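Q: As annotated in Swiss-Prot:
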BINDING   H88, G129, H130, A131, G161, A162, N189, Y300, E377  thiamine diphosphate binding site
BINDING   D160, N189  Mg(2+) binding site
Amino acid sequence: MNTGLEISILHNLEMSKLLDTINSPSDLKKLSLDELRELAVQIREELVNRVTLNGGHLASSLGVVELTIALHRVFESPKDKIIWDVGHQSYAHKLLTGRREQFATLRQHGGLSGFTCRDESPHDPFGAGHASTSISAGLGMAVARDLAKEDYSVISVIGDGAISGGMSFEAINNAGHLHTKFIVILNDNGMAISPSTGALSKFLNNVRFDPRFEFAKRNAKQTITNMPFGKAVWAFTKSIKRKFEKSMLPGSLWEELGFIYLGPVDGHNIRELEAALKRAKDFESKPVLIHMITKKGKGYDDAEADAVKYHGISPKSGGLKSSHGLSYSQVFGQTLHKIMSQNPQVVAITAAMTDGCGLGEIAAAFPDRVFDVGICEQHAVTFAAGMATQGYIPVVVIYSTFLQRGFDQIIHDVCLQKLPVVFAIDRGGIVGDDGKTHQGIFDLSFMSLIPDMVVSAPSDENDLQHLIYTAVNSGKPFALRYPRGFGEGAEIESSLHNIPIGQNEILVNGSDVAILATGKSVAFAKDALEILTESGIKPTLVNNRYISPLDSELVLKIAQSHKYLVTVEENVISGGLGSRINTLLAEAGLVNKIKIANIGIPDKFVEHGNQSLLRAKYGLDGKGIAQRVLSLVGNPNEMKHPQIICP
């Protein structure tokens, strides 16, 4: 017979294996409430351990553990479609949908994505990485289901930050109009929307959440409308109810938009969550919004105390390190701070990336001149355009991948009107572990095709500060694109000066071979020069800081005095620096007089992996550039340096 202590030990051993027993969502349905609570603890431990090793989005995933468990107990994934907005809070979802054994590879090259990915699992019905897409995608799936006369649930999970994006409201408006059966879960972690408070509010919402209330409401309507003048009485009663709700209830906005509102629900109470999800599942004729209150970073004290800091973290090992001290974002922030101190007409605008873009100290110093508009990139661009019409010089500070969302506004609202808006494009080029949705490899192409847009990419920190100064004083639409990570250790001059627009510079004079590199690629081209010099090749190296307008005079001069021309860029080749130079040489009739090679990203989406690995894979590091040059011109010292293998 087992003693109480032995039973306790056996119980603890069984509990310790809970996460290991979950191979699919169906396994969750066998667990008791106590076991589910223990499972939530184990999931959080796994998330903290793995994300601190691999890096990733921690606080968001910690906040939705109970929701993830409840979703997979109430619904039948992958038949039912669960869509995670942005996807960075889907780590627990990955653990519970058969990816536990692969979880150690999270955000590693060839491993699990840090976001949802259709290619990765049938439990990921929609890929993500950018915000505010889940409601549109979910509504599309729900309408497709109804057209095909199929039967499954569609659930979109969206945070209070992402729901501020304009695309979310477009989808909400459409969903209310269509009256499609569809569930939206609003994860309110207090970062953007204040939780409802007060005993009356809680009481009224509890009443409205109770199925008996819905039954009573239907019976009351039937009874009153069957009375003499009943329809008029019911209409009057309903109007009074709506006015009362509008002033007292947090759900009235959603009901006006055509949704049934349930909540607020404790997002860390599995029993409450399951009750809400089952209730929402029963509604047939309208979309339902469940308002869920959670704590971002739940279960990890450091993340709960500073959810912004722990939103995304770097790995303990293998993260970004530098002896140079300052990142490009920090140099940008310091330079803009100096400029704004001297010029009161300069303002900064960002879309929910104040700290990530280096604007934190500037916002503290100039709180009335730094505007965080939320996850609203389109609005950010046109808001900047409006300020520019009134004599201000707006600097829109934004990650490359998110700037894509404001492309029409850049053309229509800024460039067509020749407004002096500066676009400070952070995270240009290969960003690494966040993968396909976050690589900044298209900006040189889509910005360069716009008439009257100046497009530049600094070669180092010193180049960056002077280009910022040039942009602010240019009076033109001006884009400057800089990479993620630390600088090159360049000496930063104390005074700022203009760099003539369209003027590039020769860094090294050589012969026969000319390498025209832009941005971060200049540093790798310098590494390539060391290898090539050992091989008997002494190339010319150009810092091609301006992509548009091109320094046509310099390019043509080089083309006429060299046998080989190589372009290097961390951007898709199509439409980028290489394409623009190819076009220039073709128009000048020089393409048959010089051999050309374009080094850049091929026509594909770049997977996740650390920056060094990806640069090596795509031939963008020093060795890769040298190998490409050697394959173009041949190796005079091939026998002397057999370690260099040319493709």
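Think of each number as a place in line: the chain as shown, counted from 1.
Backbone N, Cα and C atoms are what each Cβ position is placed from, and that goes for glycine too.
A quick note: this is a predicted structure, and the numbers were derived from the prediction, not measured.
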Q: Taking the Cβ of each of the binding-site residues and counting other Cβ atoms inside 10 Å, which one has the highest number: D160, E377?
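A: That would be E377, with the highest Cβ count within 10 Å.
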Q: What is the Cβ neighbour count of N189 (thiamine diphosphate binding site) at a 10 Å cut-off, with all protein chains included?
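A: The answer is 24 other Cβ atoms.
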Q: Out of these binding-site residues, H88, H130, which one has the fewest other C-beta atoms within 10 Å of its own C-beta?
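A: Taking H88, H130 as the binding-site residues, the minimal 10 Å Cβ count falls on H130.
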Q: Using Cα coordinates, what distance in whole Å links D160 (Mg(2+) binding site) and N189 (thiamine diphosphate binding site)?
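A: Checking the Cα atoms of D160 (Mg(2+) binding site) and N189 (thiamine diphosphate binding site) gives a distance of 7 Å.
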Q: Please report the number of other Cβ atoms within 10 Å of the Cβ of G161 (thiamine diphosphate binding site).
A: 21
